[in-house]
Amino acid sequence: MSILKMMLIYFAIFWVVNAAQLLDIDSQGVIPGAYIVVMKDRVSSLEFSSHVRWLKRTHRRNLAKRATPFTEGLGATWDIAGWQAYSGSFDEDTVQEILNHENVEFVEPNKEMQVASTIKQGNVTWGLSRISHKENSSHDYVSTYGEGENITFYGIDSGIDINQADFTGRARWGINLADHVDTDCNGHGTHTAGTVAGQKFGILKKASIVSIKILDCYGYGDITRYINGLNWAINDAKERGLLGKSVMNISLKTRRSRAVNEATVRAQEAGIFIAVAAGNQATSAEFYSPGSAPEVCTVGASTRNDTKAIFSNYGELGMSWSCILFYTTGTNVNHTVDLFAPGEYIRSTLPHNLTGLMSGTSMATPHVCGVGGLIMATEGLAPEKVCDRLKELANPTIQNPGFNTTNKLLYNGSGA
């Protein structure tokens, strides 16, 4: 074999090995033809801008070659604490060229996102009293960490009814990335916000509230809207001097997504404490995002009797088979539930000054978000340190938490 031929084979192998991966770990909820492209960490801002210009030229060239009416191309671009990525809709030829680009780490399909809760009925409200007492025997709420003064809460959800009386004029509309209805026409976002920051139903009773709408009236959105929401929140907090003094509740889910997990972690690194729902499929949270994201605080739902709610996802405390199988993709799936919080029959705010009961890890997560805000403000902790502190304070009282899963229940450290 000639030296030239050997060199050609070598470079062909090198090119294949170093090409970016197209991650299609799970096809459920995939939006056809829509993608998220994530750059390598070493890529500079100038290189990213150059890549975007290259992408636009490549997309136009391939459209002309195929004589196709398909024209969407580049969507949003993001830089979240150095995590650079973009969304868009591209033909197969363009996707292949993106995968072969030296600065691209991976590409994955855009997927649907939706609320992570189920609605139930009843006539009970008990969550606040439970998280403020070590023993499950009291019906009052006690807090020695204040009421969230100087904390800002960002709710990424179906929007928030900023005129809800329980928010006492502290809420403002941030951005609508879902539709043309600048209010919460689903109710999920207002309910979770009430548990975080309502005057009667919430923990951060004096915090500022910001609505980021990424889900429509039916509770559906997608990954692109989600990352747009994260990016907007980081920029807003930065402009207003709120980094290190903000919290975010994410009671949403999609099938496992490396892009969602990475963007969520980087958003917390930028300066916002983040609590995420484990999900309501009664299975391992490792199969869903952002519940499988490392470093952020993943929350399971507990009942009034301190058991794992029947619907709540759980999480293994070590390397799972899925983590081994998908290790080469770089997907972080060995991080799941950090602690539990009340998530069954939780009463909170709804649009139009109504209240209602909901159940789900969506309802548990706002409790952690709220207590996290109190701890961060009072103890001066960095956002990425808050979850560890919450786990230190938590009580090991959850019965039957799930296979190899923590038994820790959220506690606000009141001393009661």
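Cβ atoms are placed via backbone N, Cα and C, with glycine included.
Annotated signal peptide per Swiss-Prot: 1-19, in sequence order, evidence recorded as sequence analysis.
Taken from Swiss-Prot, the feature domain 'Inhibitor I9' applies to 35-115, supported by sequence analysis. Mean pLDDT for the domain 'Inhibitor I9' (35-115) in this predicted model: 94.
Among the features that Swiss-Prot reports, N-linked glycosylation site is placed at ASN123 (among others), with the record citing sequence analysis.
Annotation source Swiss-Prot lists domain 'Peptidase S8' at 125-416.
The Cβ of ASN136 (N-linked glycosylation site) has 14 neighbouring Cβ atoms from other residues within 10 Å, across all protein chains displayed. According to DSSP, ASN136 (N-linked glycosylation site) is assigned to coil rather than to any helix or strand. Per Swiss-Prot, N-linked glycosylation site is recorded for ASN136 (among others), and the stated evidence type is sequence analysis.
The N-linked glycosylation site annotation in Swiss-Prot covers ASN150 (among others) and rests on sequence analysis. ASN150 (N-linked glycosylation site) counts 12 other C-beta atoms within 10 Å of its own C-beta, drawing on all protein chains shown. In this structure, ASN150 (N-linked glycosylation site) belongs to neither helix nor strand by DSSP; it is coil.
Around ASP157 (active site, charge relay system), the C-beta neighbours below 8 angstroms that are at least 6 residues distant in the chain are VAL115, ASP184, HIS188, GLY189, THR192, ALA193, ILE212, LYS213, ILE214, LEU215, ASN249, SER251, LEU252. In the three-state DSSP scheme, ASP157 (active site, charge relay system) falls into the strand class. The active site, charge relay system annotation in Swiss-Prot covers ASP157 (among others) and is backed by sequence analysis.
Mapped onto three states, the DSSP output places HIS188 (active site, charge relay system) in helix. The active site, charge relay system annotation in Swiss-Prot covers HIS188 (among others) and is backed by sequence analysis.
Among the features that Swiss-Prot reports, N-linked glycosylation site is placed at ASN249 (among others), with the record citing sequence analysis. The DSSP secondary structure for ASN249 (N-linked glycosylation site) is strand.
The N-linked glycosylation site annotation in Swiss-Prot covers ASN305 (among others) and rests on sequence analysis. Under the DSSP three-state reduction, ASN305 (N-linked glycosylation site) is assigned to coil, being neither helix nor strand.
Annotation source Swiss-Prot lists N-linked glycosylation site at ASN334 (among others), citing sequence analysis.
As annotated by Swiss-Prot, N-linked glycosylation site applies to ASN353 (among others), with the evidence given as sequence analysis. Remark: ASN353 (N-linked glycosylation site) has GLN164, ALA165, ASP166 as non-local neighbours, by Cβ distance under 8 Å and separation of at least 6 in sequence. Following the DSSP three-state reduction, the secondary structure of ASN353 (N-linked glycosylation site) is coil.
Look at Swiss-Prot and you will find SER362 (among others) tagged as active site, charge relay system.
For ASN404 (N-linked glycosylation site), the Cβ neighbour count at a 10 Å cut-off comes to 13, with all displayed protein chains included. Per Swiss-Prot, N-linked glycosylation site is recorded for ASN404 (among others), and the stated evidence type is sequence analysis.
Here Swiss-Prot flags ASN412 (among others) as N-linked glycosylation site, drawing on sequence analysis. Neighbour count (other Cβ atoms within 10 Å of the Cβ, all protein chains): 25 for ASN412 (N-linked glycosylation site).
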Looking at the recorded positions ASN136, SER362, ASN412, whose Cα is closest in space to that of ASN305 (N-linked glycosylation site)?
ASN136
For ASN412 (N-linked glycosylation site), the closest of the recorded positions by C-alpha position, picking from ASN136, ASN150, SER362, ASN404, is ASN136
Cα-Cα, ASN404 (N-linked glycosylation site) versus ASN150 (N-linked glycosylation site), nearest Å, comes out at 38
What does DSSP give as the helix, strand and coil breakdown of the domain 'Inhibitor I9' (35-115)?
30 helix, 32 strand, 19 coil
Between ASN136 (N-linked glycosylation site) and SER362 (active site, charge relay system), the C-alpha gap once rounded to whole angstrom:
22
